[in-house]
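Scroll down for the structure; my scribbles are underneath it.
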Amino acid sequence: MTWTDIVFWQIVLGGMLRLAAPIFLAALGEMITERAGTLNLGIDGIMTAGAFAAVVFAHMAGWQAGLLGAAAVGACYGALLAVSVIRLGANQIVIGIAISLIGAGLTSYLFQLWQPSGQMAIFVPLTPTWKVPFLSDIPFVGPILFRQNLMTYATFVALVVGIFVLAKTRIGIVLKAVGDDPAGAEMRGVDTALVRYVALTLGGALMGLAGAAITLGVLGAFNDGLTNGRGYVALAVVIIGRWSVPGAFAGALLFSFFESLGLRAQSGMSFVPTELFSILPYAMTLLALALTARAKIAPRSL
């Protein structure tokens, strides 16, 4: 392997981890929601709203405020879905689609008010990149794993915490019980409505942070359509991962690997239409979904 090949794969794999952050955070939020026996199809709209909120708050008070603002906006959308479905008895599929459309449409309108067409784009600082001493100097893997953006490290933390909480704690057991047998959980004294309120709100907050991972972790600015359907990819990743945290992380890596590979390959293969590289990660995700969709292990009350 030549030095050029080494640099190429370092860039591709490092980019894979950065691009996996929004997919995994959104998928984790959806997984928590579905484990409680509810469904949130508004992921893409919530991610869009979170991405915009992150830029606005970061522009006013720094990236820390941007992350908090994105999580708060996402939590509000999750709570709105919870009230509509649990309190008012609305159809969760219809409300989820409505929230996706409202999130995208309202954000687009607010974006035009905040930054009228024709004005120079407003850029905000990205979340900091941390270089882990000594570990970042390990040949090949050091720059990939230990010289990453804060949002990438946050994804690693979310992975570990998600595995531990959902598999090893009472919170995870209660969540699974509510999703699999809500009537039985009620008989054992569990307030299923409260559990679902919390799951939908927390899931929405993670989806908002997923949007922030795009604007504050990768782009440094907001533009219409920046999610490119990643919310629906996150929904597919939950299924591909069979409602497990490690599985969802693997699914996010699958999508982001082909996205990063396509972005890098475009510069060296200009004779290939860029559209082909653009559809590659979605095509591979669809293939993985087709191969794993037969597994009947979803929460039983979905």
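Including glycine, each Cβ sits where the backbone N, Cα and C put it.
Beyond the ends of the transmembrane segment (6-29), by six or more residues, the same chain brings 40, 43, 47, 74, 78, 140, 143-145, 147-149, 151-152, 154-155, 158-159, 162, 202-207, 209-211, 213-214, 217-218, 230-231, 233-235, 237-238, 241, 245, 248-249, 251-253, 255-257, 259-261, 263-264 to within a C-beta distance below 8 angstroms of the stretch. Feature annotation from TrEMBL assigns transmembrane segment to 6-29 (among others).
TrEMBL lists 41-61 (among others) with the feature transmembrane segment. For the transmembrane segment (41-61), same-chain residues at least 6 beyond its ends with a Cβ under 8 Å from one of its own Cβ atoms are 22, 26, 29-30, 67-74, 77-78, 81, 92-93, 95-104, 106-107, 110-111, 114, 122, 124-125, 204, 207-212, 214-216, 221-222, 226-227, 229-232, 234-235.
The transmembrane segment annotation in TrEMBL covers 67-86 (among others). Same-chain neighbours of the transmembrane segment (67-86): 29, 33, 38, 40, 42, 45-47, 49-51, 53-54, 56-58, 92, 95-96, 99, 103, 127, 193, 196-197, 200-209, 211-212, 216, counting only residues six or more beyond its ends whose CB sits under 8 Å from a CB of the stretch.
The transmembrane segment annotation in TrEMBL covers 93-111 (among others).
Listed by sequence, the residues of this chain that lie at least six past the ends of the transmembrane segment (150-167) yet keep a Cβ under 8 A from its Cβ atoms are 17-18, 20-21, 24-25, 28, 31-32, 35, 127-130, 175-176, 206, 209, 212-213, 216-217, 245-246, 249. Per TrEMBL, the feature transmembrane segment maps to 150-167 (among others).
Annotation comment: TrEMBL describes 197-220 (among others) as transmembrane segment.
Sequence-distant neighbours of the transmembrane segment (232-258) (same chain, 6+ residues past either end, Cβ-Cβ under 8 Å): 12-13, 15-20, 23-24, 26-31, 34-35, 41, 43-44, 159, 162-163, 166-167, 207, 210, 280-282, 284-286, 288-289, 292-293, 295, 297-299. TrEMBL lists 232-258 (among others) with the feature transmembrane segment.
Here TrEMBL flags 279-297 (among others) as transmembrane segment.
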